[in-house]
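Participant: Below is one structure. I have some questions about it.
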Amino acid sequence: MRIILLGPPGAGKGTQAKLISEKFSIPHISTGDIFRANIKEKTPLGIEAKRYIDNGQLVPDEVTIGIVKDRLTKDDCDNGFLLDGFPRTVAQAEALDEFLKGINKELDVALLIKVPEGFILERMTGRRVCTSCGASYHIRFNPPKIEGKCDICDNELIQRKDDTEATVKERLEVYSKQTYPLINYYKDNGIISEVNGTESINEVFGNISNILGRDK
């Protein structure tokens with residue numbers, strides 16, 4: 001099973017990716033993780049990527065694609081993989097398809113977790129974290145017993161900069177510009193499947209499992 005996972009920030013992709021990886025015994029390949037691994041191991045591509053990152057520049061497609069290609073040739077990908085965070089553009093998707101076709105491992109499904117913007121804003125802006133022990137809360141879905149105080153250590157709860165409304169809206173705007181053309185690309189290829197991401201974790205995973213079971 002070879003899967004691309006798509007969805008906006010706050011859609012729960014990380015949670016679902018872990019569950020999919022465990023159930024179908026395929027590696028969850030996050031581009032962030034493989035970038036960090038290549039930089040840490042000082043591979044030629046990692047060194048090149050670090051040079052761009054250190055200069056505050058976007059890593060060019062050829063470097064990103066090279067790192068992903070290298071990861072997909074590992075033995076643990078023989079029976080499939082779940083790609084999370086790549087591709088981000090149609091150009092990257094085309095390069096990935098060309099590579100996978102060349103090794104006879106074409107994609108089975110592009111899985112899109114759909115969540116309305118208002119739901120994501122509520123989900124992400126409501127998150128709070130303890131400044132001391134790192135415990136996580138949500139002002140609506142998992143509130144602390146005392147407002148603004150951690151249940152565990154009684155220290156202050158804060159909203160991270162990444163969870164402010166302005167930052168979340170900015171990330172959603174970037175996602176829309178980048179990903180809508182990508183969604184249309186996979187629709188044209190006939191491999192996209194959509195899941196409602198507003199349901200519970202178990203319900204979303206149940207729907208994903210049904211889709212992946214059909215596509216096996």
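Any Cβ shown, glycine's included, is placed from N, Cα and C.
Annotations per Swiss-Prot:
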- GLY10, ALA11, GLY12, LYS13, GLY14, THR15, ARG127, SER136, TYR137, GLU199: ATP binding site (BINDING)
- THR31, ARG36, GLN57, LEU58, VAL59, GLY85, PHE86, PRO87, ARG88, GLN92, ARG160, ARG171: AMP binding site (BINDING)
- CYS130, CYS133, CYS150, CYS153: Zn(2+) binding site (BINDING)
- 30-59: region 'NMP' (REGION)
- 126-163: region 'LID' (REGION)
Participant: Can you tell me the CA-to-CA distance separating THR31 (AMP binding site) and GLY14 (ATP binding site), as a whole number of Å?
Facilitator: 12
Participant: Look up CYS130 (Zn(2+) binding site) in the DSSP assignment and report helix, strand or coil.
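Facilitator: Going by the DSSP assignment, CYS130 (Zn(2+) binding site) falls within a strand, counted as strand.
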Participant: Among the binding-site residues GLN57, ARG88, CYS130, CYS150, CYS153, whose Cα is within 10 A of the Cα of TYR137 (ATP binding site)?
Facilitator: CYS130, CYS150
Participant: Sort out for me which one of GLY10, GLY12, GLY14 has the most neighbouring CB atoms within 10 A, since those are the binding-site residues we care about.
Facilitator: GLY10
Participant: List every residue in the same chain as VAL59 (AMP binding site), at least 6 positions away in sequence, whose Cβ is under 8 Å from its Cβ.
Facilitator: PHE35, ALA49, TYR52, ILE53
Participant: For the recorded Zn(2+) site formed by CYS130, CYS133, CYS150, CYS153, name the remaining residues of the chain with Cβ within 8 Å of the site's Cβ center, in chain order.
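Facilitator: Neighbours found: THR131, SER132, GLY134, ALA135, ASP151, ILE152, ASP154, ASN155, LEU157.
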Participant: Please spell out the DSSP helix, strand and coil residue counts for the region 'NMP' (30-59).
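Facilitator: Its residues divide into 22 helix, 1 strand, 7 coil.
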Participant: Out of GLY10, GLY14, ARG88, ARG127, which of these binding-site residues is nearest CYS153 (Zn(2+) binding site) by C-alpha distance?
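Facilitator: Sorting the binding-site residues by distance from CYS153 (Zn(2+) binding site), the top entry is ARG127.
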